[in-house]
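Features of the protein shown, as given by TrEMBL:
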type	residues	note
COMPBIAS	870-883	compositional bias 'Basic residues'
COMPBIAS	961-996	compositional bias 'Polar residues'
COMPBIAS	1005-1021	compositional bias 'Polar residues'
DOMAIN	29-132	domain 'Cadherin'
DOMAIN	133-244	domain 'Cadherin'
DOMAIN	245-351	domain 'Cadherin'
DOMAIN	360-470	domain 'Cadherin'
DOMAIN	471-576	domain 'Cadherin'
DOMAIN	577-679	domain 'Cadherin'
DOMAIN	690-808	domain 'Cadherin'
REGION	857-899	region 'Disordered'
REGION	914-1077	region 'Disordered'
SIGNAL	1-22	signal peptide
TRANSMEM	817-838	transmembrane segment
Amino acid sequence: MQQLVSCLGLWLFLQLPCLGSGTRVVYKVQEEQPPNTLIGSLAADYGFPDVGHLYKLEVGAPYLRVDGKTGDIYTTETSIDRESLRECQQLFPGDPCFLEFEVSITDLLNNSPRLLEGQIEVLDINDNTPNFASPVITLAIPENTNIGALFPIPLAMDRDAGANGVASYELMPGSDAQKLFGLQVAEDQDEKQPQLIVMGNLDREQSESYDLTIKVQDGGSPPRASSALLRITILDMNDNAPKFEKPTYEAELSENSPIGHSVLQVKANDSDQGANAEIDYSFHQASDMVRRLLRLDRATGLITVQGPVDREDVNVLRFSVMAKDKGANPKTARAQVVITIKDTNDNAPSIEIRGIGLVTHQDGMANISEDVPVETPVALVQVSDRDEGENAVVTCVVAGDVPFQLRQASDTGSDSKKKYFLQTTTPLDYEAVKEYVIEIVAVDSGNPPLSSTNSLKVQVVDVNDNDPVFSQSTAEVAFPENNSPDDLVMEVSATDADSGSNAKLVYSLVAEPSSKGIFSIDPESGEIRVKTVLDREQRERYEFLVVAADKGSPSRKGTASVAINVMDRNDNDPKFMLSGYNFSVMENMPPLSPVGMVTVIDADKGENAFIQLSVEQDNGDFIIQNGTGTILSSISFDRERQSTYTFRLKAVDGGDPPRSAYVGVTINVLDENDNAPVIISPSNASYKHILPHTSPGQQVMSVGAEDIDSGINAELQYSITGGNPYELFKISPQSGNITLEKEILRKHHGLHRLVVRVNDKGKPSRHGTALVHFYVNETLTNRTVLEILVGHSLDTPLEIDIAGDPEYERRKQRSNILFGVIAGIVAVTLVIVLVVLVRYCRQKEAKSGYQAGKKETKDLYAPKQGNKGNKAKSKVKKSKSPKPPKPAEDEEETGLQKSLKFNLMSDSVSDSPRIHLPLNYPPGSPDLGRHYRSNSPLPSIQLQPQSPSASKKHQVVQDLPATNTFVGTGDSNSTGSEQYSDYSYRTNPQKYTNKQLPHRRVTFSAANQAQDLQDPSQHSYYDSGLEESETPSSKSSSGPRIGPLALPEDHYERTTPDGSIGEMEHPENVSPQRSRL
């Protein structure tokens, strides 16, 4: 520890500056110091200024660095190794090792530099371990060697110097050699020479070799040591060792001597004879450079040149030559050789130009501002010559006419190494000369003299007084979206009228906060690139500023405005506003009606957003309007056929390639009350037998109906609208169950026909009508008569009630017939009187005069005389085909039916007389019945209240449908059926023969008989559309067709109120005699 403290104190003492003559600075420092170790402070140690000056290390890198403000000198990351320094490798033992440095001190006020030269003595430390040349050392010792004989051991080498060099050797023999060998260290020419001492008698026959360990240790603190194996081989005896003629050989060798040039010859003699006197020469402890430059002849000892010799690389070669005889026990001798290298003028002066102070050089160019003052140094010029003596004396000048000159920078330089400042002599003007090439010439004093040149390009730097200017102050560019990151958008360019760094521009972006990080610009080229993927749908336009700043000091800037419009690409699919559409429409809508509207959008723009809509799985039921998105139906909906329609809509945009989207559409057809209830049970021609003792409240029948509509349109209500004069029955409005409400009396016996109407709850409501027959009687014996009654019920208009005892009804009908007959007789009497009066008046006119060519008018409706009537009847009988005689038992029934028909036709005395005309017309005549049936059926006629018998006059022509259902729209008089009832008791009429013609029945009526006779245009008449054999139930009729008919043609029959039928002929076919009657 004490040794460490003492060494540290010694090192601190050595740090004190050693002041030499002049301004030369000398510091001492130990080698291998860590980085940033302070070596010395120029300002503190030598009084140099520490304010307003700049210290810069000019020479000394990379081992040193200088603080620019204080001048403190520090070590760097590159360690100072004394043994590795080029300057210290050829030193003799004891010579100091110096590391030279140069520091420039520049006054910042006037930019005036000063050069300071210094040396740092590198002190050796024990950082190297002494080592033998080989880990195994071999010595040959002859047997019978005298005790006390010495044999030299090869030296160990230590790269350290002084006390840190080799200090001691130690021999560590084994147990077998401990008494035979010893070690002695001799001092020879400042070297410690280890020698082996023979301490006992050697006998090769006992042992041929011995292995010992020899240790070497240096004198450092702490010491460093190493060892090697010393192998001793026992040989036969060699008495005399070789001996050199002189211990030291010296010679001079000119540099650049040719290879093979003889330098000197060493000579050694051996007193032995034979092989023991033959000598072999070899280098001993010679450096690599000696072995590279020189060659030693092993037989003669002649030293010659074998490599290029350069004094500038090495000026002295020191080495030893060993002479060894060739005896069995060889002996050696050594001689010291010193060869001094003589200089020749083979090196031209070297000119080194480098920056000084604030002026830096790059690639042989110095930049000087045009406003620098005169005598401003622009470079430090160092001129040196590697030769010596007169060959190294150098003269240096500036060639050419340039405003620069050399001024010596230091007085401490030698003749072979001088330093100069290259400084300005006149003010510089950039506008006049922008660049100077300064050539420096250096000439040495050799014979012949050598010279060299070096040049420096000085570029006058312009003062930064111009702003950068863009070629376009405003730029606008279109750039597509969905780009790749780092795509080039555009390139901007600006110019600066200045030069150099003042004209070098750096581009940057000034963007608003929403645009930051989206675009970048290359600072050098001005290329604007996009850093992210642009999406036009998010933002369509970007605006920012581009700034061009020069590199002057202070920097000047220029700006330009850039706008980037993002172009659209077809990168978005059309999008329906809903994931699926459901529309509800009413059925029975006309085709091309709108059923719904869809909305589809496309985030793109232009053609990419132009959307075409179409129906997928198109079966023609729907079309869609592209402009509005309205879905139209090509069909009229019928919910009962199909209640739901499902299809897809396809939206295709106009991009390239196009993009599409699909959406499902469901059309729900809402119900409309377009179907009337349908009666399921009971059948119109069926009946139910009810016993008279059936108790009231008992269900006797159930009416079943259904409606194919839905919802409220299919909710049904049942009601009895006719045939229940005694209110004997009641129907449930909801279920249609018919129950007996009252006790059955005697008058209730017989057939009852209930007219049941089934209404739905739609708006407007629709209905169906069912006939429900009940037969009240104790027994059900005569089913045939009952079926006839039911058939009669089907032919009976719905306004007529069929309920109860038939006798009661017959009595009522007989009274009606009686009143009808009386009214008929009165009417016939009045007609006869009128006819007689008319005929009388015509005969009176005929007697008064005759008008030629004028036919008498024949009263088509006047009754004929008896005899004529008989003739007419006979004619009618002739025109008809003969009928088979009726049985006697049927006459009564036939008369009953005739009277029944008459009663049905005229129920009251006040009814107008009606004439039934069975129409007989020959082939080719117009068929009015077919004509009326071919036309569209006229609507039902509601007779006005002023017609007394309006509700009964036409009931004979009203049909009952053969099926169960009557369909109506609110008009109770409108009924229809196209087929005969399954239970009709009427038989089909016989086919006509060739001579039989069909009859048409036309009924005429007159509200005022007197008026009708006077004005035939006031007649009211209708065509029932029935042939004589047809019944109202066998043909479809919606009521009597009322309107003016054409005049009756041939063979029209006239039906008088009494039911007789007469024949009418055209006046042209009447004979003159008949016309006069």
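Backbone N, Cα and C atoms are what each Cβ position is placed from, and that goes for glycine too.
Contacts between the domain 'Cadherin' (360-470) and the domain 'Cadherin' (577-679): absent, as fewer than 3 C-beta pairs lie under 8 angstroms at sequence separation of six or more.
With DSSP states grouped into helix (H, G, I), strand (E, B) and coil, the domain 'Cadherin' (133-244) comes out at 3 helix, 58 strand, 51 coil. Summed and averaged per residue, pLDDT over the domain 'Cadherin' (245-351) gives 89.
Helix, strand and coil counts from DSSP across the domain 'Cadherin' (29-132) read 8 helix, 44 strand, 52 coil.
DSSP places the residues of the domain 'Cadherin' (471-576) in helix, strand and coil in these numbers: 6 helix, 51 strand, 49 coil. Mapped onto DSSP helix, strand and coil, the domain 'Cadherin' (245-351) counts 9 helix, 49 strand, 49 coil.
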